[in-house]
Amino acid sequence: MTDADPTSETVLETPPADETAVEPLALSTVETIGTDIAENVSRVIVGHEDVIDHVITALLGRGHVLLDDVPGVGKTMLARSIATSVDCTFRRIQFTPDLLPTDVTGVNVFNQQTREFEFQPGPIFGNIVLGDEINRAPPKTQSALLEAMEEEQVTADGETRGLPSPFTVIATQNAIEPNRTYDLPFAELDRFMKKLHLGYPSPEDEAELLGRTVGTHPIDELESVTDRKTLVRAREAVSQVQVAKPVRKYVTRLVGYTRENAHIGVSPRGAISLLRASQARAVVDSREFVTPDDVQVEAPVVLSHRVKTNDRARDGSDIVADALERVPVEERDG
Amino acid sequence: MSTDTESRRTERTISLGGTRTGRSETGQTVGPGAFRMLALGCVLVLLASIVSVLRDVTQVVGGTDSLFVLAGTMLLAATLLARLIRPRTATIAAVTAASLGFAYYLEASGVGVGVVLSATESLLADVVTLVTGLSLLRTVEASALTLGLVPAPVFLSWYLALRGRYALSVLPGGFALCFLVLTGDAELTITLIGTLAALGTVGFGELDRRGGSIAQADLLAVLFALIIVLSLSVTFVPGNATGPVTLDRGGPSSLEGAIDSAGQRSGFTGQVDLSPEVRFTVESEQASYWRTGVYDRFTGDEWVRSGQLQSPNGPINSPPGKYDVARQVVTAETELGVMPVAPQPLSVSKGAAQYAEVTRHGQIHPSTTLIEDDSYVVESAIIDSDPASLKQAGTNYPDEIEEYYLQLPEGTSSEFDDRTATVTEDADNPYETAATIESYLRSSKGYSLDIEQPNGNVAEEFLLEMDEGYCIYFATTMAQMLRAEDIPARYVTGYTSGQQVDDNTHVVRGLDAHAWVEVYFPDHGWVSFDPTPSGERDEVHLDRLQEARENGRENVDTDESEDVPIRNDSDDGSDDGRSPDPTEPGPPDNETDPTNPDDPPNSTDPNGTNTTDPTRPDPGTTAAQDGDGDDADNPLAITIPREFLAFTAVTIVGLAAAVHRTGGRELYDRTIGLYWQRRRDDPARDTERAYRRLERLFEREFRPRRPGESPRAYVSALGAQAATTLPTDRSAESGSQPRSQGDPQSRSDFRSDPQARSHSQSPPTPDPTDPRVEHVLACYEQAIYGTGVTPDDAATAIEFVDELARERLPFVGPNSDAASNADRP
C-alpha cells in the first residue's frame, strides 16, 4: 500500500532546533525559486500554468493542496513533478477503502534484536506527501490526517512525534464514482489551503501533451531545482511579507460576506489560509506586500471549498465569486 | 489608519455643526436639556412675533397695555397649569378663551353675541374678507378683535410646549400667525421670525426627543435658509402694496401713487415726482377738489380706511346741514382706479352704480378699474355754510363721529400736543382752531416734493422737525393736530380742480393729485380745509407741466386743454376777486371764512383752476396708476444694503449646510479637485489623493470603479477596454507605426521613457496604459498596502496626475499634441 519509494530509507530529520534558527531568504530569491519550480513542472505538465502557480504558492504559503478532478487529467503527475522539483523526502499514500490509520501514521513494531518496541514511521513522515485518491479511504483513516495536516505532528500509541519540515500534503480526489468514495469530512477539507481543478487541457496543449509521450516520460528526466532547506527559508520569508490593515480588513469583509450569505461560511482558519496564500502570491508577483489583487487571485481556490450552501443551484464558488464582486475592496468614507 | 481618519472626520463635523447653526453659544456640549431650552425659546419667539404684530395694531387703536397683560397672564396660567391639567382640558380651556374673546369683540362692536346664531353667514364672510387681505386695522373694532385674538394661541402653545408636545404646540401659534399674515398685518420680518421660530420649535423638539446631536441640525439650517430666501423672493400672500411680502415700500414714487396706491391705505413716501398726464375731465358748473379717498385711522406712518365697501343702494348719507346739489360728469382719460367726485357724493348714475361701492365715510370707489372714456354722473352735496355759522356749530358731536375720528396713534408725544395747544391757544371754537392750524402750517412750512421720508410718526415729525413737505404731510399733520384738540377730522385724498378749459370743463392731470383735510361740524357735516401752501405748490406743478409739453410728451393734454393757455399762478394769486367765488365748493372756501382777514386760505385759494404746472425735471416718471411704477430709489438705497447683506449671509449659511448635507465636498473633488491638489506633509495621503483624482479622470472617460474591483484590476480592465477601442484610431493617426496596447514589450518600452510616451500620445484622455498611470498606481499600492512612499514619489505621482488631468483640458491638451506632432519625423 505504501509506495516503495527509494528515498524512504533516508534518515528523517526532525528539526525543532533548526526551525527557530531559520533565516528567511531574500524575497527576490524566493521569487526565483517559484519561477524555477514552475518552469520545471511545466516540462511535465502542459498548460495549466495557473494551477501550477497555485500549487507553488500553497507550497510557499505552508498550505496543503487538494486536487479534485476526473481521473486522467494529470493530478498525480502534477503532484509528483512538484515533489521532484524540490529535493526533499517525497512519500506517496494510495488511499483505498481498507486503508487503516496506522498505515498512514506508522506503528510501534517489536524489535526482536533490541527486544523493544520501535516506532516504524508511516508514509506521512515525508516533506511532500502525495495522498492519491484520498476520498477512497473511510473517515476513520481520514481522521489520521487531521492532526498531521494542522499541527504537523502525529500521535501514535500515546506518543506524539513531530513531522519533518516542510510538510505539505498534496492530495488528489476522484470527482466521479460517488458510490465508491467517501466525502471528505468538513474538518479535513478545511485543512486544505486550496482545492484546485485541473480540467481538460486545451486542444493545443493536448496535442503538445501527446507529443511528449513519445519516448521517455519527461518526469523520469526531471531534476530538482531547489532543496528542502531552501524551501524552509523561503517559507519563512513568505510568512513575513507585509499585510497592511486595509488588506486584512478586506479579507475580513470577504469572509464575513460568505458567512452572511451561505449556510456555512469561511472559518477563521480559512481567512488565515487566504492571507498566507496571498503573501506567497505577492512574492511570486515580485512585491514585498500584499495587495487586494493577491487576495482576489487566491480567494476563489482558497475559500470556495470552505463554503457550504443549502441551495443546490449555487455552490461555494458562486458565493465567493459574488463576494469578490460585491465586497468593496476599499472602505469608502465611513 | 482608517479609524483615525474616521474619528477626525467626526470631530470636524461636530465643530462645523456648532458654528453652522449660528447658535454657537450652545457649543459642542449640547445635551438634551439644551435642545429643550432652544425649543421652548423658539415657542416664545413665535408667540412674541404674534403679540408684536397685534401690538402694532393696538398702538394705533389703543389697548397695548391690556394686550401685554393678557398675554402675560396667559403665559403664567399655562405655566401653572402645564403640570396640573390634561391636554384635553387645556384645549377646552383654550377654545373657551377664544370664544370669550370673540364674544367680547362682538359685544364691543355692538353686534351682540346673538349674531352668531342669526347671521353666521355674514360672520363667515367677514372672516373670509379678513383672511384675504383685510388688515386688522381696517376692522371697525380693531382693538377688541386684537384683544380677543390673543389668549387662546398664547395659552395653548405655551402649555403644549411645556408638556413637550412641540409639534402640536406650534399649531395654535402658527395658526394665529398665519391668520395675521393673511390679513396682511404681519410684516415680512415678523412673519419670517415667527415661521423660523415655529420650524425651530419642531426641529429642536425632535432633537430633544430623539437625543440628536448638533451636527444633525444642518438640515434645520438648510430649511431656515430656504424659508428666508423663498419668502423674500416669492409673493403669493394676499396683501397690499405695503403688505408683508415686499422688500421696499411698494414702488410708487409719484405723488399720485403715494396718495392712492391702494384704496384702503394711504402711505407716505419721501421724494415724489409728478406725472403731467391727463387723468380725467369733469364737466361741472362748479369747480371743486375731486375727492377719491377718505381715511379715518392713522397708524403713524400711513392712513387706513376702516370698514368695508358696500354697493350704493339708495341715497348715500347726506350732510346734516344745508347743501346745494352739484351735478358732475366725470370722464376717465386713462385707466383710473378711483372715482373722483366732489364731496359729498349723494348719488351716482344708474350705469355707474353697478360698479361703484361706497365706504363707511361716504366716498365712492370703483370695484373695477375704469378705462379710458368711461364716464359717470355723480350728484354731490356742496355744503352751504358760512364761517359764522360754522363758528356757532359747537362741539356736540355724534358718538360715532367721536369714536372714529378722534383716533391718535398710541405714543403720540406730549410735545406734539403741547405744540398744537400753543398754536391754537387763541382759538375759541373748532372752526377757529381749524383755520388757525391751517394758516399756521401754510406759513411755517415750505412746499417741496424733494424730501426724505421721516421715520416714526409722520405728523409729529412734520410738525416738530421738518421744514418742508408736500400735501400729504400738511394734511396729515393738520388732521392729527385737530384730533389732538378733540376736533373730529379726517384725511382725504384726490385731485385739485385742475385746468379749466371752458366754462364748465376741467382737465385734471396726474400732477393735480392732492391731499387735504375734512373737519366735522355738528349740523353741518364735513368741511374741507387745505393746509398746503398753494402758491408754492402751483409753481412747482406748473413748471412740470410746461416742461412736459416742451418735451412733447403724449397724454399731457386733451384736445381742449391744448389751446387754452395755462393761467399763471401769479394771475391766480393777484386775482383776489376770483377766490370768493361762491360756486367753488373747494375746501377753504373763501366764502366760508371771510370774517377772518388774516386767514391765508382767503387770499390764496388752493384750488385755483390752473393747478397744472410742472417743475420736476424727471420726464421718465409716470404715475403708479399707469402700471409702471418707478423704483423708489431713495428708500431703497438706504434699506437694501443691510437687508441684502442679511439675505446673502442667510443664503451662504444655508448653502454651506446644504453642501455639508449633500456632500458638496465630493462635488469639489469632481471639478476643481481634478486639476489641482494641495500638497500636504503626509506623502501617503498625498499619494492616495493623487490616485483618487486619477480614478475620477478615468471615471469620466470610461466607467467608475466597481466596489469589488481593486485599483490595479480597474486600471488593467480599462487598459484592455482602451486597447479594443483605441488602436484603430491610433494607428491611423500615428501612421507608420501601429501600436499594440496589449503588447507587454511595447509597454515596457514606454515605461522606460515616460516623456516620449506622453508626447506621442494622441488621445487627450488619460490612457490607462500610460506609464505615468502605472507609477501612480504603484505609489498608491506602496502607500496603502506597502511600507509607505517617499515624499519624492508622492510628489511625482501628484505631478503625473496633474499632467494627465491637464491634458484633458480643451486648450492644454491639443497644444501639447500639436507640439508632439511637429516633433514627429
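Just so it is clear, glycine is given a Cβ too, placed from its N, Cα and C backbone atoms.
TrEMBL lists B:1-12 (among others) with the feature compositional bias 'Basic and acidic residues'.
The region 'Disordered' annotation in TrEMBL covers B:1-28 (among others).
For the transmembrane segment (B:33-54), same-chain residues at least 6 beyond its ends with a Cβ under 8 Å from one of its own Cβ atoms are 23, 26, 67-68, 71, 75, 136, 146, 149-150, 153-154, 157-158, 161-162, 164, 166, 169-170, 173-174, 176-177, 180, 185-187, 190-191, 193-194, 197-201, 204-205, 207-208, 212. Per TrEMBL, the feature transmembrane segment maps to B:33-54 (among others).
Only residues 6 or more beyond the boundaries of the transmembrane segment (B:66-85), in the same chain, are considered here, and those with a CB under 8 A from a CB of the stretch are 47, 51, 54-55, 58, 93, 97, 146-147, 150-151, 154-156, 158-159, 162-163. Marked as transmembrane segment by TrEMBL: B:66-85 (among others).
Marked as transmembrane segment by TrEMBL: B:92-119 (among others).
TrEMBL lists B:139-159 (among others) with the feature transmembrane segment. Residues 43-44, 46-47, 50-51, 54, 57-58, 60-63, 66-67, 70-71, 74-75, 77-79, 81-82, 87, 90-91, 93-95, 97-98, 100-105, 108-109, 130, 169-173, 175-176, 179, 297, 306-307, 360, 404 of the same chain lie 6 or more positions beyond the ends of the transmembrane segment (B:139-159) yet place their CB under 8 Å from a CB of it.
Among the features that TrEMBL reports, transmembrane segment is placed at B:166-182 (among others).
If you look up TrEMBL, you'll see B:188-207 (among others) marked as transmembrane segment.
Annotated transmembrane segment per TrEMBL: B:219-239 (among others), in sequence order.
Across the domain 'Transglutaminase-like' (B:463-533), the DSSP tally of helix, strand and coil residues reads 19 helix, 32 strand, 20 coil. The domain 'Transglutaminase-like' feature in TrEMBL is assigned to B:463-533.
The region 'Disordered' annotation in TrEMBL covers B:548-635 (among others).
TrEMBL lists B:564-581 (among others) with the feature compositional bias 'Basic and acidic residues'.
Annotation comment: TrEMBL describes B:723-775 (among others) as region 'Disordered'.
Per TrEMBL, the feature compositional bias 'Basic and acidic residues' maps to B:746-756 (among others).
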Spatial neighbours of the transmembrane segment (B:166-182) not adjacent in sequence (6+ beyond its ends, CB under 8 Å) are 39, 43, 46-47, 49-50, 53-54, 94, 130-133, 136, 149, 152-154, 156-160, 191, 194-195, 198, 201-202, 204-206, 208-209, 237-238, 244
